[in-house]
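Okay, structure first, notes after.
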Amino acid sequence: MTNIRKTHPLXKIVNHSFIDLPTPSNISAWWNFGSLLGICLIIQILTGLFLAMHYTSDTTTAFSSVTHICRDVNYGWLIRYMHANGASMFFICLFLHVGRGLYYGSYTYFETWNIGVILLFTVMATAFMGYVLPWGQMSFLGATVITNLLSAIPYVGTNLVEWIWGGFSVDKATLTRFFAFHFILPFVIAALAMVHLLFLHETGSNNPTGLISDSXKIPFHPYYTIKDILGLLILILVLMILVLFSPDLLGDPDNYTPXNPLNTPPHIKPEWYFLFAYAILRSIPNKLGGVLALVFSILILILFPVLHTSKQRSMMFRPLSQCLFWILVADLLTLTWIGGQPVEHPFIIIGQLASILYFTIILFILPIASMIENKLLKW
């Protein structure tokens, strides 16, 4: 008799995705982040659901409803901080997942990669709208500043911003619609993640060497299920240390002040995971130019398959490209640091240089280095 997991229509899908899936035998811990992102999404949806049961999306009561969750709801503080820090863990996993894709040339799977970029944009949009919901001072000003960027779009900009706001300023209508979108988008992300997996399973996973691994594949279960559980335990450990020991480490103290349109904090800055993009935005004095640079700083990921000039897929055997990759990582860390600094003398020029370096490495230096490597290897 055939096993039910191979015959039952539903169990068959799960079987082909997580149990009998042929997987390369040499994939490293860098391949753990896909499953960790799935776990992060589940944690965020569950904690978010329980928060939504107690939250009110009205400008007069939003801030106090969050206070009520933290003080009066059973384990409300735990749910709230798991949700807030869960977002940080989500982005850490996302950045590492994308970095892995860049390093090992996974972007040659066009459909999987492009859906991944769309996923990145969707997660960023969701996180931004979630940050507005507590209606603290930084929430309010973040919403005002970031939505205002759309006014840089020629001709339709101002109308577009007022349409998004639902009025002439960030107010009750804005908060309500942000809550609605913040609630629905994680489910859109889950659906997109399924499409992401669908396309990935058409081709099979890449591996550190970038070579075809059809000759040596092993079943996903038990080998990689065990490996993923280890990753999960580390993720939960780090998240819970963050939540239980320093839940406000990554937050902004200004967000403990209720939003006041008449008062502006000296430094407006987003959450840490947007700082690199924020630094690129600020490094261009022109509003429209800044917005374009901001969008292109992430949209540039779509160009990687086109810019790939090497005869090898992975960077595993390409020391020159490896060196440039780590310079790019250091550059992104520099941008993240600059994004959190005030707009003053040394920081402005550092931010501008780091932004120029970011685009130059990706668009020019990496493709040229790959060609040089081809020449050196006489390919």
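We number each residue from 1, going along the chain as drawn.
Every residue gets a Cβ built from N, Cα and C, even glycine.
Annotation source Swiss-Prot lists transmembrane segment at 33-53, 77-98, 113-133, 178-198, 226-246, 288-308, 320-340, 347-367, citing similarity to another entry. According to Swiss-Prot, the heme b b562 binding site annotation covers H83, H182. The feature heme b b566 binding site is assigned by Swiss-Prot to H97, H196. Look at Swiss-Prot and you will find H201 tagged as ubiquinone binding site.
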Counting a contact as 3 or more Cβ pairs under 8 Å, with residues at least 6 apart in sequence, do the transmembrane segment (226-246) and the transmembrane segment (77-98) touch? yes
Using C-alpha positions only, work out which of the binding-site residues H83, H182, H201 is nearest to H97 (heme b b566 binding site). H201
Let me make sure I understand the structure: which of the binding-site residues listed (H196, H201) has the fewest other Cβ atoms within 10 A of its Cβ? H201
H182 (heme b b562 binding site) -> DSSP, reduced to three states, gives helix
Around H97 (heme b b566 binding site), how many other CB atoms lie within 10 A of its CB? 20
Inter-residue Cα distance where the pair is H182 (heme b b562 binding site) and the residue listed as 'ubiquinone binding site', in Å: 29
Measure from the CA atom of H196 (heme b b566 binding site) to the CA atom of H83 (heme b b562 binding site) and give the result in Å, rounded to a whole number. 24
